[in-house]
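Features reported for this protein in Swiss-Prot:
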| type | residues | note |
| --- | --- | --- |
| ACT_SITE | SER480 | active site, proton acceptor |
| BINDING | CYS53, CYS126, CYS203 | [2Fe-2S] cluster binding site |
| BINDING | ASP85, ASP127, LYS128, GLU454 | Mg(2+) binding site |
| MOD_RES | LYS128 | N6-carboxylysine |
Amino acid sequence: MPEIDMKPRSRDVTDGIEATSSRGMLRAVGMGDEDWEKPQIGVASSWNEVTPCNLSLDRLAQGAKEGVHAGGGYPLQFGTISVSDGIAMGHEGMHFSLVSREVIADSVETVMMAERLDGSVLLAGCDKSLPGMLMAAARLDLSSVFLYAGSIAPGWVKLSDGTEKEVTIIDAFEAVGACKAGTMSQEDLTRIEKAICPGEGACGGMYTANTMASVAEALGMSLPGSAAPPSADRRRDYFAHRSGEAVVNLIAKGITARDIMTKEAFENAISVVMAFGGSTNAVLHLLAIAREAEVDLQLSDFNRIADRVPHLGDLKPFGRFVMNDVDRVGGVPVVMKALLDAGLLHGDVMTVTGRTMRENLEAMDLADLDGTVIRKMDDPIHATGGISVLHGSLAPEGAVVKTAGFDLDVFEGPARVFERERAAMDALTEGRISKGDVIVIRYEGPKGGPGMREMLAITGAIKGAGLGKDVLLLTDGRFSGGTTGLCIGHMAPEAVDAGPVAFVRDGDRIRVDIAARTLDLLVDEAELAARREGWAPLPPRYTRGVLAKYAKLVHSAAEGAITG
């Protein structure tokens, strides 16, 4: 076996007389003669002060750097962006959310390639920064470890009628709808506002950030047990230090990201998402990460795995508990062990510890599933996984639904068609949405939006208006991990690409059958052909800047909305 090169790339900037100028610059940032033989490790963080999700990352990056030093490497920290979906929701800012995933992946690749760094510790806290970092790791195929910022603790609110309850950010969106509908006072809305974010950390339910943190651990790209501890918990500092040590160990063993992110590892990640009832955004992100890892992952893989993995997590937005509770009952490893014991995971996949997933779990003192936060395997919430991919005449390339919260097997109703989210929100506010309606929001796809906005504002308003179980919402956009109600997104092809959704008219009958995984427009083909005559999409909303570039490059949601 050939000897492992501990400096597979940084020799370009440290060795020989040609590296004189770069060594001089590296001396200015603290390196010395004793450091030239050490692997250089990029510590990439999406820390910022815009949102509580990322506040722990500056602290954790310092811990990771200490771990790199302890492991025999030399850390070099750099930053990247992060967009807060919670702040960007419901207005123009949401166009930029999914775009930020690509910017993060591209920016990390750019620095890692330009500076010839040998490996990386990647730290993130917000929804799109997690997949962005994992995409970068897969694209670069260097030794890499991912570390999550951790989630926020739930808030506690006492309302004017004396009732008290636990609240998260999602309660605010639903409370806005209730206030507009006249079923909640402005006073109680303000009380909820002040309670939802009691400190640092990502949104606390099994929303997108916690789903993707669980994905990273299930993929083997994060240390075992590192996804669930809260942001403020000092165990995160331990995991930060260990992550820094781990990446140097991976270089010594010659293990790179694609050695870990195999097809079997992606199947493990999907299984964990299904068991938790995680965010539908995981479908989009896993497809994109797999593409970077050169793994052939398809929408059909999600249904295949959902058919055999039960939904076990009684977790918000549809359930009762949050990530802190998952941590309390043993974290992601407890769920992985139960799935492995049931023959539902591949135990021989490699992980960032340098050991297999089975070896990691066997080395941990893990409890059984608690039966409440995470139901027992023989007593699931649903017999199949929490996400389904639908196909049919309205979504030939697919659409995604969170079956974990879909209360009906079949829904059929008349279409109410809106060009973009704002028009639908106005109709709801003005009382023009009725029970039984199928709300169709189009031109919100990856290209047509552009940016495939999340629809949390409208879904929260629908629930707040008391219509959450009585109307169906369809869109070529997507949904927040915190969305509840009868919602189907990621419809492909999207409207701007002449997908069937572009030709739906008010009053058309639409039918969804969850068990059959079908989504159909009940209009005959001759009528649809007539509607296609002379059709043209809405003109581009942006003609310059990052969104204009994105719209020209982005692929279908069925391919993960990738840009490469």
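A Cβ is built for glycine as well, from the same backbone N, Cα and C atoms used for every other residue.
The structure displayed is predicted, hence computed values, not measured ones.
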Around the [2Fe-2S] cluster site formed by CYS53, CYS126, CYS203, list the extra residues of the same chain whose Cβ is within 8 Å of the site's Cβ centroid. THR51, PRO52, ASN54, SER84, ASP85, GLY86, GLY125, ASP127, ALA149, ILE152, GLY201, ALA202, ALA209
Long-range same-chain neighbours of SER480 (active site, proton acceptor), Cβ under 8 Å, sequence gap at least 6? ASP85, MET89, ILE170, TYR207, THR208, SER279, ASN281, GLU454, MET455, LEU456, THR459
Counting every protein chain shown, other Cβ atoms within 10 Å of the Cβ of ASP85 (Mg(2+) binding site) number 29
Sequence gap of 6 or more, C-beta under 8 Å: which same-chain residues meet both conditions with respect to CYS126 ([2Fe-2S] cluster binding site)? SER46, THR51, CYS53, ASN54, SER82, VAL83, SER84, ASP85, ALA202, ALA209
Check GLU454 (Mg(2+) binding site) against DSSP and tell me helix, strand or coil, would you? strand
Sorted by position, what residues of the same chain at least six away from ASP127 (Mg(2+) binding site) have a C-beta under 8 A from it? ASP85, SER97, ALA202, TYR207, THR208, ALA209, MET212, ASN281, GLY481
CYS203 ([2Fe-2S] cluster binding site) has its Cβ surrounded, within 10 angstroms, by a count of other Cβ atoms equal to 32
Round to a whole number and give the Cα-to-Cα distance in Å for the pair LYS128 (Mg(2+) binding site) and CYS203 ([2Fe-2S] cluster binding site). 13
Name them in sequence order: residues not among ASP85, ASP127, LYS128, GLU454 whose Cβ is within 8 Å of the mean position of the Cβ atoms defining the Mg(2+) site. VAL83, ALA88, SER97, LEU98, CYS126, THR208, ASN281, SER480, GLY481
Assigned conformation of LYS128 (Mg(2+) binding site) - DSSP reduced to three states: coil
